[in-house]
Every structure is written in C-alpha cells, then in structure tokens.
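Listed in TrEMBL:
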| type | residues | note |
| --- | --- | --- |
| TRANSMEM | 68-86 | transmembrane segment |
| BINDING | Gly74, Val77, Asn81, Asn339, Leu468, Ser472 | Na(+) binding site |
| TRANSMEM | 98-119 | transmembrane segment |
| TRANSMEM | 146-168 | transmembrane segment |
| TRANSMEM | 228-246 | transmembrane segment |
| TRANSMEM | 253-272 | transmembrane segment |
| TRANSMEM | 300-321 | transmembrane segment |
| TRANSMEM | 333-354 | transmembrane segment |
| TRANSMEM | 456-482 | transmembrane segment |
| TRANSMEM | 494-513 | transmembrane segment |
| TRANSMEM | 525-546 | transmembrane segment |
| TRANSMEM | 567-592 | transmembrane segment |
| TRANSMEM | 612-637 | transmembrane segment |
| REGION | 685-738 | region 'Disordered' |
| COMPBIAS | 703-720 | compositional bias 'Polar residues' |
| COMPBIAS | 721-738 | compositional bias 'Low complexity' |
Amino acid sequence: MPKNSKVTQREQSHEHVTESVADLLAHEEPLDYKNSSLNVGGAAGKKVPQIEVPENDGRPAWNSKLQYILAQVGFSVGLGNVWRFPYLCQKNGGGAYLVPYFILLIIIGIPLFFLELAVGQKIRRGSIGVWNYVCPRLGGIGMSSLMVCGFVGLYYNVIIGWSIFYFFQSFQYPLPWSDCPIRKNGTLAIVEPECDKSSATTYFWYRQTLNTTSTIAESGGLNVKMTLSLLVAWIIVCLAVIKGIASSGKVMYFSSLFPYVVLFCFLVRGLMLKGSVDGIAHMFTPKLEKMLEPQVWREAATQVFFALGLGFGGVIAFSSYNKIDNNCHFDAVLVSFINFFTSILATLVVFAVLGFKANIMNEKCVVENAEKILGYLNSNVLSHDLIPPHVNFSHLTTSDYAEMYGVIKTVKEDGFAQLGLEPCVLVDELNKAVQGTGLAFIAFTEAMTHFPASPFWSVMFFFMLINLGLGSMIGTMTGITTPVLDAYKVQKELFTVCCCIVAFFCGLLFVQRSGNYFVTMFDDYSAGLPLTVVVILENVSVAWIYGTKRFMQDLEDMLGFRPCIIYFYLWKYVSPLCLIVLISATVIEMAISPPGYNAWVQELAQERFQSYPPWALAMCFALIIVAMLPLPVVFIARHFNLMSDGSNKLSVSYRKTMMKDMSNLEEQDEARFILGAKPGEAPIAPARRPYLTPGGNKPMDPNSLSPNSCYGTSYQNAAISPTTPSTPDTPVTPESDS
C-alpha cells in the first residue's frame, strides 16, 4: 500500500478506523480527477470535483480528432449512400423524399447517434462492456451487436470482392462488358443468345462474373474468380485492422477522403454529358403526394437508421478511444450532416449519369423503331400519308418520333399492337429504378461504356466502391474485436488474423455460383429486425432504466455544458415511440411480403422472383433468432444469478476509476464518511447527488439509485455494503499490503 495513503497514516497513529471500501479496493489514495458521470453519490450541497479516466490507462487513443472523425465518417458513409439512397429518393417522390428523411434524421438519427457516442466515450469499453455496465441484465445488447456485425461482415466483404474483380477487369480497352461475346458456330459467327436477349453489362455480371445458377438450391460449386477476390478482400481488411486504431486510423485518411474526390470528379464529368440535366431534374422534381404515404416514412426511417451505423457497435467502439472530455455532441451532429450531404452528392452523381444513359437508350429506341416504320412503309403496311412532311428519317429527333408515333397509333388503332412499336419516352427510361448491385454493376457500368476514356472512369468508380466498403468493414470489424479484446486477455494481432481466416472460410458460402442469392438473404434478414431491436433496447436502457435525468447530468459533467433540453424528450419519448412503430412496420412488412429472391433464369435471360424453399426459409428465420438470442439468454441468466454481471470483464484502470468515482469527495466529507463523528460511530453515508430535471432543480428520487436497481448492481453494492461485517464497538482491521 502506498506510504502516503490515508489508511497507512491512520495505522501509524494507532487510531481505530473504519476503512472505506474504496480504499480497500483501490489500495491507493484517490487522485484529483474530474468527476465521473456514473457516480453513485456525492457530497450534500457541494460541488463534487470531476473524475476522468487517466490518460495512461493503457487504452489506445486516436492520434488526432481528424482521424477519429474520418473513422466515423468512413464507417457511416458506405455503399448504401451510393446505391440505396438514390433509389429510395427516386422511388418515394424525388425531392419530396428528402423532407421525411431530414425530419427523421433530426428526431431519430442524431439523438441516437449522440447516445452511442456518449456511452462509448464515457465508459471507454466496446459494446459488450458498455451495456454490461449500464444494465447487466440487458448485457445481451452488446452480444447481439457483435453477432449482427459478424453476419454483416461476412457478406459485406463479398461485395468488396466483387468490386475488386471489376477494378482489375477495368484495365482493358474496350471494357470487357461493353459488347456481347461472339459465338462461332462453324463458319457462322453469332451473338451469344443470352447476352442478345438482355444486355452486355447484364450478361457480364450474371454469367461471366457470378456465373450464377437459376435457383438457390443449385450450388454449382465454388466460383474460383470470386473466391480469389474474396481472399484479397479479407487480406486487405486484415491488414487495415490488425493493429486496431493504430493501423485503421491511418487507412481512414485515404479510404474516407478518396471517395469524395471521385464523387466530385464524376459530378463534374456527369454534368458535361448530354442528358445529365434531365436526370437531375427528374430526380429532384418533388411528388408531394408521396409524403402522405406511410411506406415512404418507414423506408426513410430505415435508411436513417442504417446510414449512421446505429446498433452495430462500431460507433461505440470508435468513440471508446476518445478522451473523456471530447465534445461528442459536436461529433454526432457533424458526422450525421456529412452523411446526409454525401447521400445528396451521390444522388446527384447517380442521376446525372443515369440521365445520360437514359438519353442514350432513348435515342437507341428511336432509331430501332424508326427502322421498323421504314420497313412498314416499304412493304405498304403503313401509308406515307401518315408521316408528317417535316420528318426526316436520316436526322430523326425524339420529338419527331413522338409525333409520328402518335399519328400512327391514332389511325391504326385496331391493328397498332401488331406493329410492335414502342413509345420511346425519356421519362420511362428514367423511371426504371435500379438499386444495389443492379445500379453499381449493371446500370452504372453500362453508362461508363459510353464515356470517353471509359477504362479510366471505370477504374476510379470501382476503386471508390472498394474504399467505401473498406471504411464500413473497418468499423464492422472494430465492433467485433474491441468488445472481445476489452473482455479477454488475448493478443490483438493473433485474434484479428483468426477472425479474418474464420470469416473467409464462412464466406465461401457466398462465392459459390448461387452465392449471390445468399447475399440477398443475409442482407434482408440478418440485420434489419435484430438491429432495430438492439437500438430500441439501447434507448430504453439509457432513457428509462439508467435514467434520462441522470444521463443528462452525466453529459454535463463529461462535456462541460448541458446538452439542449430537447434531447431529454427525444430520448425519453420520441425515439422509443418511433422505433416501436418502425419495428411494428418491419414485422408487418415481413409478414405480408412473400419471402423470396430474384433469380436469374438463363433460358429467359432475365430475373424472375422465386420463393425460398423450406430449408432456405428456415435459414432466414434462424438468422433472426441467432442474432437476437443473446438478449433473452443473458437476461434470464443474470436474473437468476447464473451468469456474472460482467464487472470482472472491465479493465483494471476502469475499476480504479469507478472506485475513485465513489471515494473522491472533498476532504472533510471523506473523513466524516470514513470515521464518523467519533471512533466508534458507524460511518455516515454522504448525501446523494441531486440529478436535475430538465426544467429545474428538482432532485432525482434517491430510490432510483438503490443498489437493487438494474444498472451498476455489483458496483453500488460494493460501495454501500462493507465486505467485512462489524459492530459499532469493534473496528474493522485494515487489510495488509499483501
């Protein structure tokens, strides 16, 4: 025991003392740190000095604030910003969709993002350690987050593998997906029928890249090219996260910033293309009636929810490496708005390029149908009198064709269907909504084949996708490794390598010829509902179990200012209500929508919806159950004392901090607490610290901080009950230094 400790001094003075539990556990004099936000008592009527986690507690830290912000941005800004948000924007009313999205970002996204940042930064643990501390019975929240991160990481890295394959294929001119392959049949050379029925980019994706089967039941064996691409993807991820934030933080400087360079380059290039303005105008033309549809608000809430990475554990893990007094409120607002404006930027780029593609396809449609009309004119099926005199077939415009089409349709009303003419309307091309892999690997690649210097733009595009995916994968892997490394004494590098090796072999499920269908399955079922349940439990455990008043006071202690009072009501009422509605809508949607997938039928050269076979349907529900299973298991186990509350999994430095939190009172109050008024008197417990209500100085009910409450059970018992029973006349003998 340190020579200058209070207990040692009292031993030398031969005084009868009742030693505090804090000194027994900490074995050192409490230092003068800032006040901990998670304390259980304070001096009555006096300002309690603040406690902060020591900077030399051995936990890694970010090299700079910029590195941390880039890590959070890299995790939240991912592939969904590029291929999910534009699709939802087009589907749900164009510019009108931005209104519900922005409203829900304010009332759900930012508050819950702020909550995760705050608890991670204060408790300085990964997701498992954080929720074990806030409410041990709900400690399964962290374990469910880890399970979801595992499922998502398995298939998300497959998408990075696809991007890597396309990246290397882009170093060719012309691009390999620009034309259909030619099949030689003796002396004849014919276009591949499957490609001719679809398109060159579609054929390259389904046949030459995935070589997909027609059903999920047909495995088809491993796809060697995709297996090698997946291996490269996991090697890159492993190298990026092997040393924790020491390596991933440096990677973020490039992986987070480079996509913005590419997006701005594509935006400038796209605006110079013919028809780009048509695409942007179509995108942002508001359909205000859509705002009245509940489905639009549900999809906006889901997109806000996943765009910020809530519930994955990556947000908490990244913030746990911050200094205790970092302004996480500023971080939450900044990262949320960067994410929002990135989605807007990506949408501008996507629809500028798709507007160009729509014009190309519309002009192609006009040319093909004009040739049909010429054939009908030459064979006297149509009369030359039906053609307006100003129409010139050698320089036919879309407006001229539309006029000619209208005349023919009016005159040949009965037999018009047999002519097989198409209207060739630009809006119809723009309304062909594509999302996900269809947007990135089919629509966008087809548009780039018409770019000057197309290989350069293709290389840039897929390198951007790799970096976007890598930033999200680093956050996902951190959400897995940080909680485990906090809880167990394992070597960081060895554990990371083992995780990547196991993940690669599990990922072989997605690189067989039917693997694309399993990617869809995991995307639909492994994350959606489980993550929504995780986030609402996070919200409830902080706002209703730990206490919103207490949490607001914690934030004031940690940040140095009291957050806006609106957060109190958002955390307490608005966010839980919105999340309950979202969960209900998700369950209803899953119940009424037939579970299935879009299969590529080779004979038809197009996608067809197919229902999952019974074994695949069982697999879908197993993903949901396995991801959510830790929640009831941990609750029941800790309710019946079958499992430790997790306190032994906290680091030594953090347990020291908690003990300092309870013992670092002002000098006279500490002496009175330890010794009492006379040597034989029982200790006098200090008055509870008043936790203020949002609107005034009304103290929080002391009963809410009883040792039997859900949060911090073992720690408060340690602070309130001495480890050795004693009578008032018999002093407790201090423990020896040994």
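The backbone N, Cα and C atoms fix where each Cβ goes, and this holds for glycine too.
Here the features listed in TrEMBL are painted onto the structure.
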residue : record             : CB count, 10 Å
Gly74   : Na(+) binding site : 28
Val77   : Na(+) binding site : 26
Asn81   : Na(+) binding site : 24
Asn339  : Na(+) binding site : 24
Leu468  : Na(+) binding site : 29
Ser472  : Na(+) binding site : 28
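Comparison of 253-272, 300-321, 525-546, 612-637 by number of C-beta pairs under 8 angstroms to the transmembrane segment (567-592) places 525-546 first.
Within 8 Å of the Cβ centroid of the Na(+) site, not counting the listed residues Gly74, Val77, Asn81, Asn339, Leu468, Ser472, the chain contributes Val73, Phe75, Ser76, Gly78, Leu79, Gly80, Ser256, Pro259, Thr342, Gly471. Panel annotation: around the transmembrane segment (228-246), residues 60-62, 67, 71, 157-158, 160-162, 164-165, 255, 318, 321, 470, 473-474, 477-478, 481-482, 485, 492-493, 496-497, 500, 503-504, 507-508, 510-511 of the same chain, lying at least six beyond its termini, place a Cβ under 8 Å from a Cβ of the stretch. Among the listed stretches 68-86, 253-272, 456-482, 525-546, the one sharing the most Cβ pairs under 8 Å with the transmembrane segment (146-168) is 456-482. Long-range contacts of the transmembrane segment (525-546) within the same chain: residues 112, 115-116, 119, 131, 134-135, 138, 141, 144-145, 147-148, 151-152, 155, 302, 305-306, 310-312, 571-572, 575-576, 579-580, 582-583, 586-587, 590, 620-621, 623-624, 627-628, 631, 709-711, each at least 6 residues beyond the stretch ends and with a Cβ under 8 Å from a Cβ of the stretch. The transmembrane segment (68-86) makes contact with the transmembrane segment (300-321): 3 or more of their CB pairs lie within 8 A, with pairs spaced 6 or more apart in sequence. Within the chain, the transmembrane segment (333-354) has long-range Cβ neighbours (under 8 A, six or more residues past its boundaries) at 69, 72-73, 76-77, 81-83, 85-86, 89-90, 98, 101-102, 105, 109-110, 113-114, 260, 263-264, 266-267, 270-271, 273, 276, 279-280, 282-283, 307-308, 430, 439, 443-444, 447-448. Pairs of Cβ atoms less than 8 Å apart link the transmembrane segment (98-119) most often to 300-321, out of 253-272, 300-321, 456-482.
Within its own chain, the transmembrane segment (300-321) is flanked in space by residues 59-62, 68, 71-72, 75-76, 80-81, 84-85, 88, 92, 97, 100-101, 104-105, 108-109, 112-113, 116-121, 123-127, 130, 142, 145-146, 148-149, 152, 245, 328, 331, 335-336, 339, 343, 472, 475-476, 478-483, 527-528, 531-532, 534-535, 538, 578, 582, 586, which lie at least six positions past its ends and keep a Cβ under 8 Å from the stretch.
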